[in-house]
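Novice: When I checked TrEMBL for this same protein, it listed these features:
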- Gly80, Val83, Asn87, Asn345, Leu477, Ser481: Na(+) binding site (BINDING)
- 673-718: region 'Disordered' (REGION)
- 74-92: transmembrane segment (TRANSMEM)
- 104-125: transmembrane segment (TRANSMEM)
- 146-173: transmembrane segment (TRANSMEM)
- 228-248: transmembrane segment (TRANSMEM)
- 257-278: transmembrane segment (TRANSMEM)
- 306-327: transmembrane segment (TRANSMEM)
- 339-360: transmembrane segment (TRANSMEM)
- 465-490: transmembrane segment (TRANSMEM)
- 502-520: transmembrane segment (TRANSMEM)
- 540-557: transmembrane segment (TRANSMEM)
- 578-601: transmembrane segment (TRANSMEM)
- 621-644: transmembrane segment (TRANSMEM)
Amino acid sequence: MPKNSKAVKRELDDDVTESVRDLLSNEDACDDSFKKSSLIVNNHEGEGKECDVEEGGSDAEEEERPAWNSKLQYILAQVGFSVGLGNVWRFPYLCQKNGGGAYLVPYLILLILIGIPLFFLELAVGQRIRRGSIGVWNYISPRLGGIGFASCVVCFFVALYYNVIISWSLFYFSQSFQQPLPWHECPLVKNKTSTYVVPECEKSSATTYYWYREALDISDSISESGGLNWKMTVCLLIAWSMVCLAMIKGIQSSGKVMYFSSLFPYVVLVCFLVRSLLLKGSMDGIRHMFTPKLEIMLEAKVWREAATQVFFALGLGFGGVIAFSSYNKRDNNCHFDAVLVSFINFFTSVLATLVVFAVLGFKANIMNSKCVAMNTNKILTLLGSGILEQNLIPHHMNLTQVNQVSGEDYHKMIDHIKGVKQDKFESLGLEACSIEDELNKAVQGTGLAFIAFTEAMTHFPASPFWSVMFFLMLVNLGLGSMFGTIEGILTPLIDTFKVRKEFLTVGCCVLAFSIGLLFVQRSGNYFVTMFDDYSATLPLLIVVILENVAIAWFYGIDKFFEDLKDMLGFMPYRFYYYMWKYITPILLMVLLCSSFIQLIMTPPSYSAWIQEEAIEKTLRFPPWGIVVCISLVVMAILPVPVVFGLRYFNIISENTSGLSTVSYKKGRIIKETARPEEDDDTSLIHGKSPSEAPSPMPGNSIYRKQSGSGGTDVDTAPNGRYGIGYLMADMPDMPESDL
């Protein structure tokens, strides 16, 4: 046994404690685990060469790989990517629609069965192979290399329209520095003889009118482009400029932005929760949220929607998770990270739901009071015309003071009138005015953020302040997810084609902005709906199923578990073995089939705003629109069969995957250099062309040298502290891993 075996055992026992300590540690220039790796390589001639790979440097023998400055920065990046706009405007809607508090039960079950295992799998694969999605799946199985390209295509499609939503938030943010807010009331039109309210606004509401007419200036259908909306075009340019500047230096620049973009939304959500709880009616909304409707929970549709939300909430299949984890040290406890980030995501969704329902409860009380006042005036008119008798009104009620009629008194009066005027009640035109009915008007997405929530904020004291905070929060939530999405595009391409990050980042953002002009036409909102519905759902499900199958069946679940043991220092729970091999693939296939059936049964349609009638109508996509919908799905999936076919028929040799083959053995890393005739300009270890590479004979050993305080050199893992994977240089009885 080596001299340091006790130290190794002690380190393994404290593995989880170290993960927590790393998470809470501050950024430290001396943190060698993140900042610097010192490798000693003994070549076949016996000559040792030390290679220091530092941030900003390069070496002839070792390919530079950026690293996170601290564990906290990495966790914030993963949280920022997974926690996005869906947590604020999708999860509360699903909770309201699918049984209130009862919806949390299937969500939690599916988070454990689907979310955490797949999130852990992506973290582990990225951290072990230290490449983006293209390099990772090329390495696992060259025939399945198209998975990485499919992830990149989906990321690009999503980035195109996701940044448009950020631009909408930027527009509302810029308009929030006014008292009163510009969507506070309907605008007036003055002519020579009279002043009147804009008809479109009068038929709808002030916030609805502002969203559709002032912000989007929307056309009546997707076929009427209507030209560019210049206000939104400028906002889109600003949004892409922000993304480009934050990403241009890779994780060195985006990582520092994460401290603000990931933490600020929590500050705003907590402030909103405290403020909304002090408003009248907020508890009505929260009570409505947590009232379980158990009968709904048994419906298959609820479980399907919960599974879909789990799937997208964690950002599975995009490649962003793999890209971020690829910058980690190899002995990082990624299992701890997977569980931590998953539950942070879940509790963020619950916190956002509390805030949304508290605010909607306040709004429902405002709307209910208006309804009571309006119908009380109707009753006064009916009394004056003799249609209703005075004895129908309770004696203690004074209808002349309309604003003082409580909701409870109004309901008693309506019930009494309904009992007496049974046959004629409907003709009276009186409404029930129920808070429950207001809360049951389920809204999601832009309808929640830009219509319902903005309307509620107009009734807040100091409403401009809360509006600024809310839309700044939306911008930050969007940017956090955008950073992960763009990283899912850039990292695989840089790893594969060795282009400069700065040039690729700028080029990607310019191209995306140019295509994104499609979404800032007057009909742009309809294209956002199209991309949201068709560009990601099915392709991502297929990508994640293939990821799971590639690891569990092509690569081998037993080999993968051995690799995890080498990397983490302990064997993961057997629970993951059965999840990855059997349960999760089956659940994903069921989800894929149900999503596909739903897509076929629901004809391609979108919700259009009809200006003249001031209402939303569901319209079918025109024939060319259906072709675009199908093309989005096909283009996203196409790389998978194309790469498989090219490999299978040896049009592209499986030995020239663009990455040199590397075998990891316990205690040893062996580099197998490509044959001279093969094009291997993106070697996994050296990043050199074969002509520049040294002799193809593998080196005798590779290890990391650290000097301890006792003066004895300790051989440790290449990218970590006492990682058991590489401690013992030549142990023939140790099992070998293909990784």
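The backbone N, Cα and C atoms fix where each Cβ goes, glycine too.
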Novice: Counting only residues 6+ apart in the same chain, whose Cβ is under 8 Å from the Cβ of Asn345 (Na(+) binding site)?
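Specialist: The answer is Val79, Ser82, Val83, Asn87, Ala313, Leu314.
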Novice: When you average the Cβ positions of Gly80, Val83, Asn87, Asn345, Leu477, Ser481 for the Na(+) site, which other residues in that chain have a Cβ within 8 Å of that mean position?
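Specialist: Close Cβ neighbours, site residues excluded: Val79, Phe81, Ser82, Gly84, Leu85, Gly86, Ser262, Pro265, Thr348, Gly480.
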Novice: Counting Cβ pairs under 8 Å that sit 6 or more residues apart, are there three or more between the transmembrane segment (146-173) and the transmembrane segment (339-360)?
Specialist: no
Novice: List the residues of the same chain that sit at least 6 positions away from Ser481 (Na(+) binding site) in sequence and have their Cβ under 8 Å from its Cβ, in sequence order, or write 'none'.
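Specialist: Result: Gly80, Phe81, Ser82, Val83, Gly84, Leu85, Tyr162, Gly315.
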Novice: When neighbour density is defined as the number of other C-beta atoms within 10 angstroms of a residue's C-beta, which of the binding-site residues Gly80, Asn87, Leu477 has the lowest density?
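Specialist: Comparing Cβ neighbours within 10 Å for the binding-site residues Gly80, Asn87, Leu477, Asn87 has the fewest.
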Novice: Taking a Cβ cut-off under 8 Å, which residues six or more beyond the ends of the transmembrane segment (228-248) line up next to it in the same chain?
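Specialist: Answer is 163-164, 166-168, 170-171, 174, 215-217, 254, 257, 479, 482-483, 486-487, 490, 501-502, 505-506, 509, 512-513, 516-517, 519-522, 524.
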Novice: Using a 10 Å radius around its CB, how many other CB atoms surround Val83 (Na(+) binding site)?
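Specialist: Around the Cβ of Val83 (Na(+) binding site), 27 other Cβ atoms lie within 10 Å.
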Novice: Using Cβ distances below 8 Å and needing 3 or more such pairs, separated by at least 6 in sequence, tell me whether the transmembrane segment (306-327) contacts the transmembrane segment (465-490).
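Specialist: Judged by the Cβ rule, the two regions touch, with the required three close pairs present.
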Novice: Report the listed stretch (74-92, 502-520, 540-557, 578-601) having the maximum count of Cβ pairs within less than 8 Å of the transmembrane segment (465-490).
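Specialist: Against the transmembrane segment (465-490), the leading stretch is 74-92.
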Novice: Same-chain Cβ contacts of the transmembrane segment (540-557) under 8 Å, 6 or more residues past its ends?
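Specialist: Cβ under 8 Å, 6 or more out: 118, 121-122, 125, 137, 140-141, 144, 147, 150-151, 154, 311-312, 316-318, 577, 580-581, 584-585, 588-589, 591-592, 595, 637, 640, 738.
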Novice: What else in the chain is close to the transmembrane segment (578-601), if you only count residues 6 or more beyond its ends and a Cβ gap under 8 Å?
Specialist: 110, 113-114, 117-118, 121, 300, 304, 307-308, 311, 537-538, 541-542, 544-545, 548-549, 551-553, 557, 560
Novice: Which bits of the chain, at least 6 residues beyond where the transmembrane segment (257-278) starts or stops, bring a Cβ under 8 A of a Cβ in it?
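Specialist: Apart from its flanks, the transmembrane segment (257-278) reaches 73, 76-77, 79-80, 83, 246, 348, 351-352, 354-355, 358-359, 362, 460, 466, 469-470, 472-473, 476-477, 479-480, 483.
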